[in-house]
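Novice: Per TrEMBL, the feature Fe-coproporphyrin III binding site maps to SER67, TYR136. Feature annotation from TrEMBL assigns Fe(2+) binding site to HIS199, GLU294.
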Amino acid sequence: MSELRDPAPGAAAAAAPYDALLLLSFGGPEGPDDVVPFLENVTRGRGIPKERLKEVGQHYFLFGGVSPINDQNRALLDALRKDFADNSLDLPVHWGNRNWAPYLTDTLREMVAEGHRRIAVLTTSAYASYSGCRQYRENLAEALATLEAEGLAVPRVDKLRHYFNHPGFVRPMIDGVLASLAELPEDVRAGAHLAFTTHSIPTAAADTSGPVEEHGDGGAYVREHLDVARVIADAVRAETGVERPWELVYQSRSGAPHIPWLEPDICDHLEALHGAGAPAVVMVPIGFVSDHMEVLYDLDTEATAKAAELGLPIARSATVGADPRFAAAVRELVVERAAIERGQPAQRCALGALGPSHDLCPVGCCPAARGAAKPAAAGADSPYA
Ligand SMILES: CC1=C(CCC(=O)O)c2cc3nc(cc4[nH]c(cc5[nH]c(cc1n2)c(C)c5CCC(=O)O)c(CCC(=O)O)c4C)C(CCC(=O)O)=C3C
Ligand SMILES: [Fe+2]
């Protein structure tokens, strides 16, 4: 079909050397019978207490055993395909997950069978950290090793740079905060605080997130989130003319209680804000790409119930999801990286103070906390070209 279109001059070559994009995500259960096996996939070898697993299973059962993440990814696939078609970027988009069907290895096997050899990878995780970056790179290496063992061609996979500060990721969230403020009762709107939230991770993982020179004191993970929070808070102030207190807080902690994770938790934060007389709060889930379970349960259910109990007016702003500006940002990231791989100049958009993130994770980036180091693809230490 694509041969029948009349591409804009140069557009057909804009993705070269890439011949496909892979959307790489977390995966989630599609019904009640999937919940326990899914949780086993997620937590294999990770030392999550049984009690916590039972509790998280309940979150999924509350939603009929269906994770919202799969439909979110289907919507993002549609948005990407539409954006690429509208902009004559002739690049097929495939989808594979770490923890549930469609599994990454199966998707890569199909892509190889279709003849794809040079694949750009977009993960549904915007920031540096072991869980959000290296673990996906390990999953890619494991999948490539499986293909190799099956005697199949091993494609080259390049992970697109972290997009936490890309305007196409940040601007929809700014609009989301403005919309949430408008939803609050008028008498508390001007005094509303902003609570930026992200996934808590062990402090040891935060401290070693990002390239080695960024390790220490929250590492790249905390620094990147603070930069995005500041950009959004500044833009909201510029738009509303109101200076609002804001803070970066955390949610969705798991792991054993004696291991320190990033704090404060959103629920404790709401309590503290209420105690200090804050009239209202907007929760801004900057750490998440779509409205998956962490957002729908931990914020929209648990934290929202906490606020109701306190009598604290609260709103939760939108994640980017399948926003067309995010789809366009992904196209820009592909075209940018493709130019770099061809040795040509590229436009690298970024808001905030940190600048565009690296293309290739350097050696020592986001190490795993436990066990021997596993091979990781799409980085300077990749065993694959
Ligand atoms: C940084 C980060 C992100 C954000 C970046 C990104 O998006 O990748 C994220 C996203 C997600 N996490 C998800 C689900 C889970 N995460 C868990 C456990 C953990 N997450 C961690 C970190 C992160 N997780 C960590 C350090 C653990 C401890 C165990 C380990 O070291 O691996 C567990 C086990 C039970 C529990 O919660 O304890 C579940 C079920 C889903 C799917 C939701 C859905 O189904 O809609 C999504 C998008
Ligand atoms: Fe998680």
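Cβ coordinates come from backbone N, Cα and C, glycine included.
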Novice: Could you measure between TYR136 (Fe-coproporphyrin III binding site) and HIS199 (Fe(2+) binding site) for me? Cα positions, answer in whole angstrom.
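Specialist: About 16 Å separates the two Cα atoms.
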Novice: Between SER67 (Fe-coproporphyrin III binding site) and HIS199 (Fe(2+) binding site), find the distance joining the two CA atoms and give it rounded to the nearest Å.
Specialist: 17
Novice: Name, in the order they occur in the sequence, the residues of the same chain whose CB lies under 8 A from the CB of GLU294 (Fe(2+) binding site) and which sit 6 or more residues away.
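Specialist: Counting only residues 6 or more apart in sequence, the Cβ neighbours of GLU294 (Fe(2+) binding site) under 8 Å are HIS199, GLN251, SER252, PRO285, PHE288.
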Novice: What is the number of other Cβ atoms found within 10 Å of the Cβ of SER67 (Fe-coproporphyrin III binding site)?
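Specialist: Summing over all protein chains shown, SER67 (Fe-coproporphyrin III binding site) has 25 other Cβ atoms within 10 Å.
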Novice: Under DSSP, is SER67 (Fe-coproporphyrin III binding site) helix, strand or coil?
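Specialist: The three-state answer is coil.
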Novice: So if I take the binding-site residues (SER67, TYR136, HIS199) and measure from each Cβ to the nearest atom of ligand 1, which come out below 6 Å?
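Specialist: Near the molecule: SER67, HIS199.
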